[in-house]
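Below: the structure, in structure tokens.
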Amino acid sequence: MASQGYGPRDPRAPNPFADPRQQQPGIQYGQRSQYESESDHDHYASMNSSSTRLAAGSAWDAEANRRYNPSVDSHSSMPSISPFADPNAGLSEPYPAWSADRQIPMSTEEIEDIFLDLTQKFGFQRDSMRNMFDFTMQLLDSRASRMTPNQALLTVHADYIGGPHANYRKWYFAAQLNLDDAVGNSQNPGLQRLKSVKGPKNKSTKSLDSALNRWRNAMNNMSQYDRLRQIALYLLCWGEAGNVRFVPECLCFIFKCADDYYRSPECQNRVDPVPEGLYLNTVIKPLYRFMRDQGYEVVDGKFVRKEKDHKDIIGYDDINQLFWYPEGLAKIVLTDNSRLVDASPSQRFMRFGKIDWNRVFFKTYFEKRSKSHLLVNFNRIWILHISVYYFFTAFHSPRAYAPHDKLDPSPQMTWSAVALGGAVSSIIMILATLAEYSYIPTTWNNTSHLTTRLIFLLVILALTAGPTFYIAMVDGRENQTSQIPLIIGIVQFFVSVVVTLIFSIIPSGRMFGDRVAGKARKYMASQTFTASYPALARGPRSASIFLWVLIFTCKFVESYFFLTSSFSSPIAVMVRTKVQGCSDRFFQTALCSNQVLFTLAIMYVMDLILFFLDTYLWYIIWVVVFSIGRAFSLGLSIWTPWTETFTRLPKRIYAKLLATGEMEVKYKPKVLVSQIWNAIIISMYREHLLSIDHVQRLLYHQVDTPDGRRTLRAPPFFTNQSGSSQSSFFPPGGEAERRISFFASSLTMTLPDPLPVDAMPTFTVLVPHYSEKILLSLREIIREEDQNTRVTLLEYLKQLHPVEWDNFVKDTKILAEETGTMDGTASQAGEKKVDDLPFYCIGFKTSSPEYTLRTRIWASLRAQTLYRTVSGMMNYSKAIKLLYRVENPDIVHNFGGNTERLERELERMARRKFKFAVSMQRFSKFNKEEQENAEFLLRAYPDLQIAYLDEEPGSRGGEARLFSTLIDGHSEIDERTGRRKPKFRIELPGNPILGDGKSDNQNHAIVFYRGEYLQLIDANQDNYLEECLKIRNILGEFEEYNVSSQSPYAQWGHKEFTKAPVAILGTREYIFSENIGVLGDIAAGKEQTFGTLTARALAWIGGKLHYGHPDFLNATFMTTRGGVSKAQKGLHLNEDIFAGMNAFGRGGRIKHSEYYQCGKGRDLGFGTILNFQTKIGTGMGEQMLSREYYYLGTQLPIDRFLTFYYGHPGFHINNILVIYSVQIFMLTLVYLGTLNKQLSICELNSSGNPIGPPGCYNLLPVFDWIRRCIVSIFLVFFVAFLPLFLQELVERGTGKALLRLGKHFLSMSPVFEVFSTQIYSQSILSNLTFGGARYIATGRGFATTRMSFSILYSRFAGPSIYMGMRNLLLLLYATMSIWIPHLIYFWLSVLSLCIAPFLFNPHQFSYADFMIDYREFLRWMSRGNSRTKASSWYGYCRLSRTMITGYKKKKLGHPSEKLSSDVPRASWHAVILSEVVYPICVAIIFIVAYMFVKSFPDPKTGKQNPSPLIRIGLVALGPMVWNATVLLTLFFISLFLGPMMESFAKFGAVMAALAHGLALLGIVAFFEFFWFLELWDASHAVLGLIAVIAIQRAVQKIFISVLLTREYKHDEVNRAWWTGKWYGNGLGNSAFSQPAREWVVKIVEMSLWSSDFIIAHFLLIILTPPILLPGANTLHSTMLLWLRPGKQIRAPLFSMKQKRQRRWIVIKYSFVYVIVVAFLAALIVLPALFRDLITFNCTVCKNI
């Protein structure tokens, strides 16, 4: 047999597949070749002939059909028709393009038989089968409508299974399965397999090319029947896979095993169908359970999240990567310890149920939380900056390495010292390699290249650093004449430069063992799945390289002159300076004499950070320039004249939007265009954007000409040549104007040609919905949310959209009059005015539902609701009908006057080409109101489909069963339940929501999409009719319209099929909340520049990844590669970016189109914007850990890597560096201040030489350097405003741009910028250390609610207020010691870190509210000590602590447990670094500064100061000791008194108040004492205070992180401590150990409480002055909400009783406030005034 190869089989051999039951003669079975045992055979060769057909006549089949029909019958009117087909249209074809008259390869019935057969062989679910059958038919129908049905089937098969871009084919070769299949059963395939991978290859038979050719032949010779069967099998496996859909290669493996099994005799001879649900239970459920148990465990019958971080969870990606490598597949073992690969391919599927998955999987990449990810992934960035910086500064600081007796070093020493830059590069690379070892498991064969790389790097390090030692040894000798050292130095320098260049250009993955383009078979999988980057065309690629050469040239030149060469004079002055005449009791002169050097070291770091920031500055400038250039080349700009844009609009609509090539011209173009244009205008009128007069001027009208014919008159809008009087056409500055002008200008661009409607591809819009508002209720619109809001939603909307409200009211009045005249209740003209009041107030007069509903809809369409999204997206359906009607006038003729039938025909077309699914995860759990709203949606839009999760409780305590269910507006309502009957109900393996929710929600509904493309929309978007008209052009961007008629399998290298497929198409977003106040505007502006300006440039040079959601996806490409988003909990927080990186790494192109836009709402309030930024920031932190960043960072070529870096992580790292630069600059200022304060500085004469007091220090160059630095930091901040300004300039003209920028600056947006930068950087850093990323549901409301002081304080103290306060103290010291006017800028930016949250709080400055806030704040500070309170200072303090301590595992069921969310405890090494080492370093730095100041003898007495170290230690630790003693005393008092005082409820609160008061007293007393010791010298006191705070902070952090055990989830312990009741509150035995722990906690808490008290009062004092100014509140609201003072929001209404109460509170607390502030002020003011009078004579004090 072996010799025969592909030859015909021996006809006498019995057919192994003959079905024994089939007795009727004359039925031909396809002949099939058996599995040959020849080793070079691919098993696909055997798929040439068609496999067994089912004979339609057999009894078995008839019986099967009978059992099958009812399930279909119950769901639609005809058995084999798509359940989506129109129930009345029983006669018309459900899949028109796949009909008998078009030479289809197989009929719909035959396809259905294939599905039935597969279902019976594998036990798929009936509903899943029906769903996938409909899916396949819609897909074929969509393809076949623009090519022949044969070609349609071929291309679908090529996309899913065998084509050059099919994921399955790529996997098949990556996992080397061609070798596995080639091995016959004669040898043991498992052993053979591993030999064939490692051993020497026999080139001729096993080479990849011949395998590819054999694959292509097999595919080419396959029958259409087999092709369809493979597609069907793949889809059926995919359709029930549930969460296994996230692991695409695992799915490929399952499909391969199933396919092999299907073609085995064993399967063909099976008579009885296997039970339904077998596939789900044996294949999918075990895998699903493994995934679920990685993250969850069962506690008391509930699933509880395990406390594991990513590095311990085997996530989707790890599971998936097992299937990439043959070694991985060899690890799959069964319960009886045999390996799956040892079974022959056809037997594997039946053994799936026996696989022990828990022993199979392992981590393939460790997502450890650490900052060294930045080093590994972005090593080229660090080398480009740090090494070059070293070259620059080493050259500019010659004195640092000159011999002691000379000023300048010898030339060879200079060459060699500068050359150490190469050693710096090598060290960075070595560190990165070492860090990389910890992220990759060493089990795999992939660490070998790391070891080789490490050895090479050590050699290079020796080459670049070694010569310096030699030269340093030779250099000092006297009679040195030989040139050898100089030559060596020069050579070393050039070697270093080359090394640095190589390291910064070549990706580390391609160095010494190429992972990206290496030919070795072992790299093939990682190439295929992580490095198949789509190649850029020549134009964009050269643009990309040119852009980066430009940026770095500018940067290096500018940095060289501005940063480093200007730095050379301070270095020259400082590097040799020793401070004279100082000494310390302990350290003598060791520390203080080197103070100048310490300062210099800090300045070096400062300069390095500015060096980094410069790059970002240049990046923004050049990207904006490129982007604007690109915009002009695309023809997008306001500067194309008005006449040009608008007068040509009709021609453009005709040429670009209509598929006119196919139509024979019966009608004038004008007639066709007029229909489209009128439809657009009328849709705007219906949305109340235009009033009736405007509409008249914009429509095409039919008029009679003098000779009696009727013609169309173009609207004056097009004929009006001058652009001056636009206002007569639409309301100025309104939505209508924006939409029409965007529509007009977008048509000036080049658009792909549209196809006729019936040939266009089918597409689906998918909206994930969790609990967003569907429709606003009447209450929400007309009533205020709470006391603090001051304005109802309706009022607010009316102020934002006055014109639209007017139009709405006019409409309603007309409607009311019509119904009124029918009822005969029309009112007289006189009463008219009064009667209309209700209309203008709330939009209706009679509260009958139809009127109230209109108002609700009007408001919902202007807020961020699901209704707005649905009604916007349903415009697609309108657009398709409109285009179909306009382009096929014959249809209108055919139906004559029968509008109903015409409408039905249009509906059918729209339904065939466009589907809309909303995935309502919670639908079955909706409350009554939500259900009514959802029902309203279905009634309004019957074609809307809702996919939801349906739950069936399990039998007797078993797990519940979950179903993926689909309904739409046509589903009948079940009388029994009142619910609609589902069309499909597919059981899932378990609860699908394992991750953060959104991607799981999309994944469960994805099986219900139809067609070829998906548009993913969020539930806060909108769409417009005129944009929807462009849908055919947009889908044309996928470049799949004119597919060649060749078979994709015929000519493998055929150019049509080699181009990388377009995976994602990004579009523009218009932020519809842009004019709503300053914050809405900033958010919109950010998004605008990001979503259009940078996206345009990045997409052009190939760096755009997928974000934002008007994006269109190539559905087949995405679903075969792991779905539309990734879903591991926490790690994939920003799920859509991961989808983009995934598509990009697997060879999909990502495009961006400029001519289409969707509306999108953005968050408006301060809190919600910052929640959003925190979410983005933490999500970014998670991305840094992810393997995608690792692959992109170590494998992309340099220009694309830089594009990726600066477009994504670079922005956030830049934010971190900006904040660091501010902090380090403060530090520099403090150190320089100590020098300036204690040393005498020289003065310069006219020629610039120092003259002045003898023994002076020449530090003047340093002060020049400071001014430069401030300018640099200032520029870096302000370049952030450049893109927005230019964007406005290009799109809307100069005036508007200046206006918008001016508005921003007047509304203090720079303050917000500084603050948000801090929030970004803080959220990333804390996430890299502690984790805790979770999806923060960003509110979508309007920002009119006033937040109270305590809420804002507790939310922002940790992220920014504390840091701001510390920096304020540093700044205060700097201002006292070196004042230069440049510092004003810093005062502003540091203050904004502290007060931004309050500045942007609506009505912050109203006096009464301020005082009520103060009362609330005092109560918040003291609450929660005798009873549990939801919000209290204690709770806030505890929550911020648990990040480090974590929670105890015990479940005690206390009511107070709900206050805490689960955060896993941070790893100990992260904590040691960030919470122990770092604070200690900071403390040491400040102590050194303070000790320097105190190391000079007293100028009056000349005596040496006592030791500053002892003094500072006493003042820092004194308060803590005082607190500890107070607490111990109180502990014993409460222990004895507590039980006796049980009846007195407030006992605990009293004890706590006592302790807090004493702590506050202690801290104040120690500060006063310290100031007295400093002889009332203010600047010394401030510096000392800085050091004290640093020490206390370090001590507190060490206490918390080292001494504390895990926290309880309830606060019983705290209450026990104050009340003394330690028994009987569920603490059990730990009642003995807990008091000790609690004592440590309380010591820390007392310090924190008193500092919080003081900081908060300081903030309140800053916020007080505006309150005392009349009219400040009005001004502030105008600034914040951009409402004219006349339209101000009214004061809230209170009843008499409330007013009295409030008045009394205000009076009482004003009094308290004044007293506290006076007390705090006195502590500072009195000593400052009477400093000379207050002296004590105490001997102890003299010695401290």
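Including glycine, each Cβ sits where the backbone N, Cα and C put it.
Listed features, source TrEMBL:
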COMPBIAS  21-36  compositional bias 'Polar residues'
DOMAIN    225-337  domain '1,3-beta-glucan synthase component FKS1-like'
REGION    1-50  region 'Disordered'
TRANSMEM  374-392  transmembrane segment
TRANSMEM  413-434  transmembrane segment
TRANSMEM  454-472  transmembrane segment
TRANSMEM  545-575  transmembrane segment
TRANSMEM  596-613  transmembrane segment
TRANSMEM  1216-1234  transmembrane segment
TRANSMEM  1265-1286  transmembrane segment
TRANSMEM  1468-1493  transmembrane segment
TRANSMEM  1514-1537  transmembrane segment
TRANSMEM  1580-1604  transmembrane segment
TRANSMEM  1654-1683  transmembrane segment
TRANSMEM  1704-1730  transmembrane segment
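Here the transmembrane segment (1216-1234) has Cβ contacts under 8 Å with residues 595, 598-599, 602-603, 605-606, 609-610, 612-613, 1259, 1262-1263, 1266, 1269-1270, 1273, 1276-1277, 1317-1318, 1320-1322, 1324-1325, 1363, 1367, 1370-1371, 1373-1374, 1376-1378, 1386, 1389-1390, 1485-1486, 1489, 1492-1493, 1579, 1583, 1586 of the same chain, all six or more residues outside its ends. Away from its own ends, the transmembrane segment (1514-1537) comes close to residues 1547-1548, 1551, 1554-1555, 1558-1559, 1562-1563, 1566-1567, 1569-1570, 1584, 1587-1588, 1591-1592, 1595, 1617-1620, 1622, 1635, 1639, 1642-1643, 1646-1647, 1650, 1744 of its chain (Cβ-Cβ under 8 Å, at least six residues beyond either end). Outside the transmembrane segment (374-392) by six or more residues, the chain places 418, 420-422, 424-425, 428-429, 431-432, 435-436, 439, 497, 500, 503-505, 507-508, 552, 556, 559-560, 563-564, 607-608, 611-612, 615, 1184, 1189-1190, 1192-1194, 1198, 1201, 1205, 1209-1210, 1213 with a CB less than 8 A from a CB of the stretch. Outside the transmembrane segment (1265-1286) by six or more residues, the chain places 562-563, 566-567, 569-570, 603, 606, 610, 613-614, 616-617, 620-621, 624, 628, 1085-1086, 1088-1089, 1093-1094, 1218, 1221-1222, 1225, 1228-1229, 1232, 1297, 1300-1301, 1304, 1310, 1313-1314, 1380, 1382-1383, 1385-1386, 1389 with a CB less than 8 A from a CB of the stretch.
With a threshold of 8 Å between CB atoms, the same-chain residues lying at least 6 positions outside the transmembrane segment (413-434) that come near it are 372, 375-376, 379, 382-383, 386-388, 390-391, 394-395, 398, 401-402, 450, 453-454, 457-458, 460-461, 464-465, 467-468, 471-472, 475, 486, 488-490, 492-493, 495-497, 499-500, 503-504, 508. In the predicted model, residues of the domain '1,3-beta-glucan synthase component FKS1-like' (225-337) average a pLDDT of 90. Same-chain residues lying 6 or more positions outside the transmembrane segment (1468-1493) and placing a CB less than 8 Å from one of its CB atoms are 369-370, 579, 582, 584, 587, 591-592, 595, 598, 1227, 1230-1231, 1234, 1237-1238, 1329-1330, 1444, 1508-1509, 1512, 1580, 1583-1584, 1586-1587, 1590-1591, 1593-1594, 1597-1598, 1600-1602. With helix defined as DSSP H, G or I and strand as E or B, the domain '1,3-beta-glucan synthase component FKS1-like' (225-337) counts 71 helix, 10 strand, 32 coil.
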